[in-house]
Amino acid sequence: MQSEAQSPRSSQICSTEPVFGGHAPRRVSHAVDVRWGGTLVTIGGAAPVRVQSMTNTDTADAIGTAIQVKELANAGSELVRITVNTPEAAAAVPAIREQLDRMGVTVPLVGDFHYNGHLLLRDYPDCAQALSKYRINPGNVGQGAKRDSQFAQMIEAAIKYDKPVRIGVNWGSLDQDLLARMMDENGARAEPWEAQSVMYEALIQSAIGSAERAVELGLGRDKIVLSCKVSGVQDLVAVYRELSRRCGFALHLGLTEAGMGSKGIVASTAAIGLLLQEGIGDTIRISLTPEPGAPRTGEVVVGQEILQTMGLRSFAPMVVACPGCGRTTSTLFQELALRIQTYLREQMPVWRSEYPGVEKMNVAVMGCIVNGPGESKHANIGISLPGSGENPAAPVFVDGEKVKTLRGEHIAEEFQQIVSDYVARTYGRAAAQN
């Protein structure tokens, strides 16, 4: 006969308070300040995890690029990277910066350099000054002896103009000389590593080795951010775990070429979420392939939602909504959830300054009586719409208390007004007190 101690029932009882842990403490890294005018965005140190993005315009088109940068900044991107690949693009950078400043958009610009960055930074000093940060790829900065010289020229430009850099390694453009040497060394081992491990090590050595060379050239550790981007979830997690263990530089997270739609979102969320949960990562970029005609700002929203759903930051009020089931044959709750979520995001550019704290608000839009009232009570504001066969009434809860029951054809409009009034009443008062 099974003893009391061995019974399944008793094994579920905990005699002491269990430890329910959240995400791990944040990895300690050097704080890197990225500035433009009066705007300061700190990456690493005690700063919050930053969300950044990249334009897909032709940088030589100064007007088109400035417009997209503004859209990304308005969506919440704290840094925006632009391609600087030609003399025409480099010449346009000061005009882009000037147009943004004229529009009141002070988001720092990051110049993305490959192959010829040393020449562009030398020949276009106004471009070098207008950028707030440089991205350098050690894999294509030059070959052989030229690599060291051209890398040094870019670091010297960063020192001259007092700009931080991201040394960004990518397995699609990894330094082939380094990889070949490491493969040869691996072949000579008594017990060779797997090829995948050699690739990981090459990525890490390229990043850290380049960073240490930059330090030798005079660039401070507080001016360097590292990244090692790959396109596989488990590959990214493995590389960053080891990279974070072996250096104290601030780290930029991103799953390169994540893809389109739900696949890209899921892959990026899985990889970045795992690392953030372990306290690894100081800034993120979601590399989504936008569908034709879709706004570029989608990658910013996904990045924000990753951080907010993990409890790391708050950007906009969150809408909790049930998935629906056989009890919810009406689409009313789905339509209302979408309407409220869209409304909240549209209001945030104004609310962010007028109603500080509103970004932490939770709104529940539920579809039936099973979880509707309970979930609505947990939110700041909640509504429980009637399911199939239920009384055609929708109780509304504010701060856990039922305050009203809505009926009829204008439930959506009335609930939206209740939300708006709550924001003004609750967060407007907080703003006045501050």
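Placement of Cβ uses the backbone N, Cα and C atoms for every residue, glycine included.
When other Cβ atoms within 10 Å of the Cβ of C368 ([4Fe-4S] cluster binding site) are tallied across all protein chains shown, the result is 23. Residues or ranges marked as [4Fe-4S] cluster binding site by Swiss-Prot: C322, C325, C368, E375.
The feature compositional bias 'Polar residues' is assigned by Swiss-Prot to 1-15.
Taken from Swiss-Prot, the feature region 'Disordered' applies to 1-20.
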For the [4Fe-4S] cluster site built from C322, C325, C368, E375, further residues of that chain with CB within 8 A of the site's CB center: P323, G324, R327, T328, F333, M366, G367, V370, N371, G372, G387
In the chain carrying C325 ([4Fe-4S] cluster binding site), residues 6 or more apart in sequence that have Cβ under 8 angstroms from it: G367, C368
